[in-house]
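S.K.: Here it is, the structure in full.
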Amino acid sequence: MQKIYNPEKNTWADILERPTQTVADIENVVLDVFNDVKTNGDDAIKQYTEKFDKVSLDSILVSEEELENAKQLVSQELKDAIVLAKSNIEAFHAVQKTDKVSLETTKGVNCWQEKRPIQKVGLYIPGGTAPLFSTILMLAVPANIAGCNEIVLCSPPNKEGKINPAILFTANLCGVTKIFKVGGIQAIAGMTFGTNTIPQVYKIFGPGNQFVTVAKQLATKFGVAIDMPAGPSELLVVADDTANPSFVASDLLSQAEHGKDSQVILVSTSKKLIEQVEIEVENQCNLLPRKEIAEAAIANSKLIYIESDQEALELINEYGPEHFIVCVEDEDFYIDNIMNAGSVFIGNYTPESAGDYASGTNHTLPTNGYAKQYSGVNLDSFMKSMTFQKLSAEGIKNIGNAIEIMADAEGLQAHKNAVTLRLKSLSDIT
């Protein structure tokens, strides 16, 4: 772990630089797969599944029998935990609903805004060494609350042609309408173009490796929206002498175990705490099953000492972390002044893991500094706002002349005529 003391502001950019991602070679591979899936549909999907996942499938659609079998394979203890998490996530996202906003802007001019669900959404859930069934809760639950008609889920099969039982159980519990045994680039391409089996969707959500990330970006060129740009997981903790060093270390490691390219940072006004956390990280890391992954991430992590909370805050806002943990005496200072963070965790008893699983907030968050301009996934991510307006005869009279003048100034005669004809018809009546 790299220790940095009172860094000058002109060095912050270098200190806070994220791991670079080279995607030029990946883009060509992704484009080839997209073109193949667009042309050959299910046949291409199955060929890539055999190539990348090492399994040949007769059907990529998960059957009712497979869903029932998966239910039997998940322990009751895990089922209960998932149900508890679902309840909290539902409750928090349900209160995000907003009422219609309406206003008579001028006499006879009525404007209002309403929200409508995105009708068809696609969820991508990685498999591999850490099957992220918790992400289904974060995506399918708000999709259902929003009222999305079709919720399609793709997840890669293992070499036996099966999807992790916890993924299937959670997807079924959360009202996913169709589940497909498809992973990687081909899954994103399938949901982008649609095949005979996989429905085309309007927006794609979910994490993945670099290939999936680039595939999602490419999908936007074919008229499909995505949740947000994605990158490696990251966590920044700000802590002082009131923080528990073992808690802080456990939080840093909880992000580090995601991947070797995860980035974790501790910013502290206490040199003593930095020393204690460094020791705790080493001790706890040695006990982790994913020790090798965590060690690689920790090797690139930073412990930054800064004398004042004000300067620490400026550095944190400059970084814009995905996850931001606040363990300081004056927590309100950071709560009130943090501008750029995906999700904020406050106090010694609020681990980042709470938001990952069961507190109720969403764990699909902007990384790579995008917290400066993107929100994490929320109910509005599955909806779009529509504006309405209705003008009475009195209304068009009240604003018609202003419209004519403005349209004339922009040289748009047809725009002006659309108003002039209406005003003339009203003057003819009187």
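From the backbone N, Cα and C atoms, a Cβ is placed for every residue, glycine too.
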S.K.: Please state which member of SER233, SER301, SER375, SER381 TrEMBL lists alongside GLN255, HIS258, HIS323, ASP356, GLU410, HIS415 for binding substrate.
M.R.: SER233
S.K.: I'd like to confirm something. Which of the binding-site residues, HIS258, ASP356, HIS415, has a Cα closest to the Cα of HIS323 (active site, proton acceptor)?
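M.R.: Considering only the listed binding-site residues, the nearest one is ASP356.
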S.K.: C-alpha of GLU410 (substrate binding site) to C-alpha of GLU322 (active site, proton acceptor): distance in Å?
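M.R.: For GLU410 (substrate binding site) versus GLU322 (active site, proton acceptor), the Cα atoms are 44 Å apart.
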S.K.: Sequence order is fine: just name those recorded positions in TYR124, GLN186, ASN209, GLU322 with a Cα within 10 angstroms of HIS415 (substrate binding site).
M.R.: none
S.K.: Whose Cβ, among the recorded positions GLU322, ASP356, GLU410, has more other Cβ atoms within 10 Å than any of the rest?
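M.R.: Output for this query is GLU322.
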S.K.: Measuring Cα to Cα, tell me the gap between TYR124 (NAD(+) binding site) and SER233 (substrate binding site) in whole angstrom.
M.R.: 17
